[in-house]
Amino acid sequence: MPEGPLVRKFHHLVSPFVGQQVVKTGGSSKKLQPASLQSLWLQDTQVHGKKLFLRFDLDEEMGPPGSSPTPEPPQKEVQKEGAADPKQVGEPSGQKTLDGSSRSAELVPQGEDDSEYLERDAPAGDAGRWLRVSFGLFGSVWVNDFSRAKKANKRGDWRDPSPRLVLHFGGGGFLAFYNCQLSWSSSPVVTPTCDILSEKFHRGQALEALGQAQPVCYTLLDQRYFSGLGNIIKNEALYRAGIHPLSLGSVLSASRREVLVDHVVEFSTAWLQGKFQGRPQHTQVYQKEQCPAGHQVMKEAFGPEDGLQRLTWWCPQCQPQLSEEPEQCQFS
């Protein structure tokens, strides 16, 4: 599923439509009837971790105070949530996002349970409704264009993907949402202290979570502490920190955990910057056969016995597994 940096790019693409009225709808969604959005006004959009939220109102003037502006490309270690420079991404006409079709199979990370936040269709006439968009494996948002088939399916048909939701706006443009779950919510699920791309990200909370007596690769995917972090960021941060994915957090020194969190934030921020600047993503170990040092990369699915197994890439030489004895701090 799209990770935090890509979902923030989706947010950037949707933001220019804030303040416009939905004049026509379409899509294959069964749980949410696209027609229920007809004539509503898109008044706000927010992004939190891997989730995108869209606020719809009945009237043009009912937008909430302090509506979220489009996030700017981060210039510092932590993503800032201010206004974006339109020159870096351009106008919405003809733009579309990359759908990440080259990725291997991804599953929902541990701790990302949608059930407690979902509601039934919002009552008719209820102002301030938030549409919660949870993206699937190849989830994407397209602007003023539709996704096209890149290859034939198993039956040999060149059938274009079917959008889950299409919103046409009074300004003439439209948005198409693919491979996603749509549900109404009374308000966005907001926990900025666990969002790895938020300036309010709580490092202390993340470091404490990493100290648990379980493999660090499990903890990194726990959205309660690392919202927006997915399999790509997990693999790349662990490699850059030189930590074996199955190393128990409880045996890592405080300094090693600090380094790991640093790499999580740095890689995520660089990925987001690249999205805004049109630069391709470069990975060192994810889906690689060799690491930058020329060593053979191992691949295996890891996860809790009662949880989801996620494909993991690591270099046994650059990321040696630690014993279960805590690391000792060295003083010079």
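Cβ atoms are placed via backbone N, Cα and C, with glycine included.
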Under Swiss-Prot, which of the candidate ranges 136-172, 247-283, 284-320 is annotated zinc finger? 284-320
If you check Swiss-Prot for N6-acetyllysine, which of Lys50, Lys80, Lys87, Lys200 comes up? Lys50
PLDDT averaged over the residues of the zinc finger (284-320): 96
Take the zinc finger (284-320) and count its residues per DSSP category (helix H/G/I, strand E/B, coil), listing them in that order. 0 helix, 12 strand, 25 coil
Within 10 angstroms of the C-beta of Glu3 (active site, proton donor), what count of other C-beta atoms is obtained when all protein chains are considered? 26
To the nearest whole angstrom, what is the C-alpha distance linking Lys50 (active site, proton donor) and Glu3 (active site, proton donor)? 6
Spatial neighbours of Arg310 (active site, proton donor), counting only the recorded positions Pro2, Glu3, Lys154, Asn231 and Cα distances within 10 Å: Asn231
